[in-house]
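Note sheet for the following structure.
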Ligand SMILES: O=C(O)C1=C[C@@H](OP(=O)(O)O)[C@@H](O)[C@H](O)C1
Ligand SMILES: C=C(OP(=O)(O)O)C(=O)O
């Protein structure tokens with residue numbers, strides 16, 4: 001039985017919250033902590049389902065990881081060559097990041113692995129990592145000629161390459177960099193726009209030799225990485241639900257503390273400010289090589305804008321909730337260059353068009369985005385999550401401005417990235 005929840009409109013969001021740790025950084029902290037020499041401690045680790053898939057996979061490869069209370073992890077690194085062949089298939093659950101990054105890493109190990117995932121992940125494209133890794137000498141098999149998981153990986157010796165990716169994808173870039181740690185010669189990755197650079201920052205933080213220039217990154221093979229103390233900032237992709245919620249509900253004033261504002265991730269702040277949103281960054285600081293701030297947000301009248309190009313890459317996971325903001329803005333919002341949304345946990349363009357229309361929004365799907373005409377208010381109704389955490393939480397935000405109750409079906413998926421979302425929402429809404 002899937003769980004559903006009914007929400008009513010809010011009279012304003014008030015107070016202060018801290019959102020859980022960044023999902024991308026949490027994945028990478030386990031991966032690099034496991035490959036490093038010595039102990040890595042991770043503070044503020046996100047205990048979402050996706051990150052737990054990564055954690056269990058590394059435990060299955062012999063890494064000793066202790067989970068302390070409050071999201072503190074202690075990882076006894078096994079060094080670059082210390083992973084062991086797992087006795088069973090590794091289950092990446094719903095997590096594309098786990099599967100794609102681990103494909104790169106496992107391609108270079110001296111053992112055999114099989115990666116699988118849930119029904120959503122097994123539908124997602126994998127050739128984007130399988131093809132360039134094969135150019136490095138990797139031996140990987142999958143369904144549909146290597147396009148779909150399960151993937152079987154027979155680790156082998158790799159050569160570095162210079163790869164020009166057709167898509168801006170941090171998962172592709174990171175898979176190649178992880179493989180490049182072990183390759184003979186340098187590995188360089190160029191992408192059309194700079195995707196999130198958490199791997200580059202964390203590799204450098206763990207002592208790797210890596211250079212960024214001319215829109216690309218180059219990594220030299222590494223003799224060793226050093227265990228570190230990692231502080232994980234709050235996830236801007238999780239904060240985004242509360243930023244939009246506070247903007248669209250008149251009378252709101254909310255402080256979201258300790259949010260990662262890495263420029264390769266902060267597109268949602270730029271987009272919401274361009275829409276007229278009153279968002280202020282306070283107390284900007286640095287945590288383990290990542291910029292962080294508190295964000296003060298107040299209810300605002302939003303207007304439609306045109307979004308495309310690198311702004312899409314810098315806000316890629318936030319489009320479901322940005323489309324909710326646009327549905328309630330004055331005028332038209334046009335989102336282009338966002339075809340990647342069609343191959344996430346679900347087709348996020350089709351899902352948001354369908355569910356927002358149920359609530360009376362005026363939204364049209366485009367091949368590579370959406371055209372949204374703002375309306376004054378949404379109506380009540382019954383909407384689905386499509387098994388996608390970001391769709392479920394976006395519909396919860398939409399419900400705060402609906403004239404009648406909204407029932408969201410299948411909400412369990414929010415545990416993928418934001419296990420305490422519903423509690424935090426309850427805490428700040430009136
Ligand atoms: O590297 C990462 O941690 C991620 C990269 C992005 O995917 P793509 O690399 O497919 O753009 C993003 O959508 C995903 O949520 C996390
Ligand atoms: C796309 C996402 O994650 P992943 O690709 O890791 O499944 C997401 O969290 O929105």
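Glycine too: its Cβ is placed from the backbone N, Cα and C atoms.
Keep in mind that this is a model prediction, so the values were computed, not measured.
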Residue among 144, 317, 368 sharing the 3-phosphoshikimate site, where TrEMBL lists 23, 24, 28, 169, 171, 344 as binders:
317
Candidates 96, 124, 348, 390 (binding-site residues) - the one closest to residue 169 (3-phosphoshikimate binding site) by CA:
96
How many Å lie between the Cα of residue 28 (3-phosphoshikimate binding site) and the Cα of residue 390 (phosphoenolpyruvate binding site)?
21
Please work out the mean pLDDT for the residues of the domain 'Enolpyruvate transferase' (9-424).
98
Around residue 96 (phosphoenolpyruvate binding site), how many other C-beta atoms are within 10 angstroms of its C-beta?
21
